[in-house]
């Protein structure tokens, strides 16, 4: 088994190779004069090849890189190609919102499936959309690794884990279960792409260390509003935790300025707040899916 990692997946790829006791080979990346991408993988591959690449922003560019890297692995002799795409672009466009629109995530899933025998992703925005892949696909959770990290970092503190909305409730529950602490969630109404309104809800947070956890932090709007609601209820120190730290539109600056002590993220996308690796559950999924 060999692990191929693009520049977007190299940190996770290195850790995954260690977990699998496999060889790691970086993917060479270059551009033609017109800006088009070209990748190169080791020639004369054989056996199982694991391709690690994240579709972090810029998503369209990284979607193309995923497609051509998987094609390169297949064309250079891989007998089995397992795609590790920890963050899947377009995952929030999983249905037709207006007449005439595509189901964008379905199109992306089909494109990535073309040169893969199996695919693994992490904390997919809507797990039910795994059905859009044309190959066996597994969605693994970062909850256990996040929970272990929080349990060690906040040992002895009066900790509570909060989901910023109903959609984050299950992740908050799983993380809190690993930590052995209480959990709850807030309720929100989305006003626009980066504007939300948090509905008042009484929570037992006064004076406590609070970790707000969600599958992804994009613009940070939800987290900022959630922090305001929790501070109004007397919460102590606030932390923001997530699987996918996209952190667009100066989100990190907004979060820290709004009172968060720190941001805790995994290595599914390149980011400066990575403290937790999803390599262990991904490695387990590779072993389960590999023929």
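Counting begins at 1 with the first residue displayed.
Quick reminder: no glycine exception, Cβ is built from N, Cα and C everywhere.
Residues annotated as ATP binding site in Swiss-Prot, with sequence analysis given as evidence: 34, 35, 36, 92, 93. According to DSSP, residue 36 (ATP binding site) sits in a coil region rather than a helix or strand. Packing around residue 36 (ATP binding site) is summarised by its Cβ count: 10 other Cβ atoms lie within 10 angstroms of its Cβ, all protein chains included.
Around residue 125 (Mg(2+) 1 binding site), taking its Cβ as the centre, 19 other Cβ atoms fall within 10 Å, counting all chains. If you look up Swiss-Prot, you'll see 125 marked as Mg(2+) 1 binding site.
What Swiss-Prot records for 165 is Mg(2+) 2 binding site. Within 10 Å of the C-beta of residue 165 (Mg(2+) 2 binding site) there are 20 other C-beta atoms, taking all protein chains into account.
Under a cutoff of 8 A between CB atoms, and with a sequence separation of 6+ in the same chain, the neighbours of residue 188 (active site) are 164, 165, 196, 197, 198, 199, 222, 225, 226. Taken residue by residue with DSSP, residue 188 (active site) is part of a strand. Among the features that Swiss-Prot reports, active site is placed at 188.
DSSP assigns residue 214 (D-ribose 5-phosphate binding site) to a strand. Here Swiss-Prot flags 190, 214 as D-ribose 5-phosphate binding site, drawing on sequence analysis.
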What is the Cβ neighbour count of residue 35 (ATP binding site) at a 10 Å cut-off, with all protein chains included?
7
Row residue 92 (ATP binding site), column other C-beta within 10 angstroms, all chains, value 14
Provide, as an integer number of angstrom, the distance between the C-alpha atoms of residue 34 (ATP binding site) and residue 214 (D-ribose 5-phosphate binding site).
39
State the count of C-beta atoms found within 10 angstroms of the C-beta of residue 93 (ATP binding site), not counting that atom itself.
18
Which value in Å gives the longest Cα to Cα span across the ATP site residues 34, 35, 36, 92, 93 as recorded?
31
Say we define neighbours as other CB atoms within 10 Å of the CB. Which of the binding-site residues 34, 214 has the fewest?
34
